[in-house]
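Could you have a look at this structure, given as structure tokens, before my questions?
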Amino acid sequence: MILVIDVGNTNTVLGVYQDETLVHHWRLATSRQKTEDEYAMTVRSLFDHAGLQFQDIDGIVISSVVPPMMFSLEQMCKKYFHVTPMIIGPGIKTGLNIKYDNPKEVGADRIVNAVAAIELYGYPAIVVDFGTATTYCLINEKKQYAGGVIAPGIMISTEALYHRASKLPRIEIAKPKQVVGTNTIDSMQSGIFYGYVSQVDGVVKRMKAQAESEPKVIATGGLAKLIGTESETIDVIDSFLTLKGLQLIYKKNV
């Protein structure tokens with residue numbers, strides 16, 4: 001079995017693969033302060049509930065956009081799993097040709113998503129990832145990572161309304177009953193929900209106009225199902241795209 005770990009700014013997602021099958025997965029709040037021992041105790045609790053033991057894991061692969069966490073995570077892997085983890089970054093084979101001005105600027109999560117999209121859905125493709133930031137990545141018909149778009153995430157915008165507008169409450173992100181709200185909460189939910197649906201469709205349509213052929217659009221991330229089901233442009237919703245990409249990259253490098 002292999003353990004795949006996707007460390008995002010808001011959430012950390014873990015999965016366990018048995019060959020090609022994702023048999024367990026968990027979503028945790030990202031914590032920058034934990035030691036390797038604290039991480040190990042968290043993972044042990046999850047494993048106990050799933051009937052797993054540390055020695056069941058033969059390999060570990062990590063994608064992270066939070067550098068301060070990496071030392072503790074690496075030490076946890078070595079101390080408790082007796083495994084040196086594979087870290088997505090320079091020197092790791094992905095098969096991806098990145099056409100960014102500076103390829104080092106492309107986040108590990110975006111690389112992993114692109115690899116998964118190519119392998120599972122073909123190319124050209126656009127990957128929309130609803131994370132702390134909402135990212136859009138274009139893989140062109142030459143199988144190249146052609147570039148993308150980065151926008152504020154849904155949670156960032158929602159929290160900004162709450163913190164910067166003194167009379168507006170903190171709200172749950174949900175699809176409202178109708179577009180025109182008749183109270184503050186419904187109106188805010190409508191603005192957030194339909195505003196982001198419209199953002200996705202607008203950005204994707206403009207990216208498609210720049211592409212040389214028609215790309216398939218894949219959505220992933222914590223809010224992919226909520227926004228993706230209302231979108232006119234999203235073709236596939238794959239909540240586990242990043243975990244699948246980590247497993248695919250691990251296979252390419254062992």
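Using the three backbone atoms N, Cα and C, a Cβ is placed for every residue, glycine included.
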Name the one residue among THR84, THR94, THR132 that Swiss-Prot lists for the same ATP site as ASP6, VAL7, GLY8, ASN9, THR10, ASN11, THR12, VAL13.
THR132
Roughly how many Å lie between the Cα atoms of TYR100 (substrate binding site) and ASP129 (K(+) binding site), rounded to a whole value?
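A Cα-Cα distance of 18 Å.
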Measuring CB to CB from ASP6 (ATP binding site), give everything in the same chain under 8 Å that is also at least six residues away in sequence.
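Listed in sequence order, they are THR12, VAL13, LEU14, ILE62, SER63, SER64, ASP109, VAL112, THR242, LEU243, LEU246.
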Within 10 angstroms of the C-beta of GLY107 (substrate binding site), what count of other C-beta atoms is obtained when all protein chains are considered?
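The Cβ of GLY107 (substrate binding site) has 20 Cβ neighbours within 10 Å.
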Hey, of the binding-site residues listed (THR10, THR12, THR132, THR184), which one tops the CB count within 10 A?
THR12
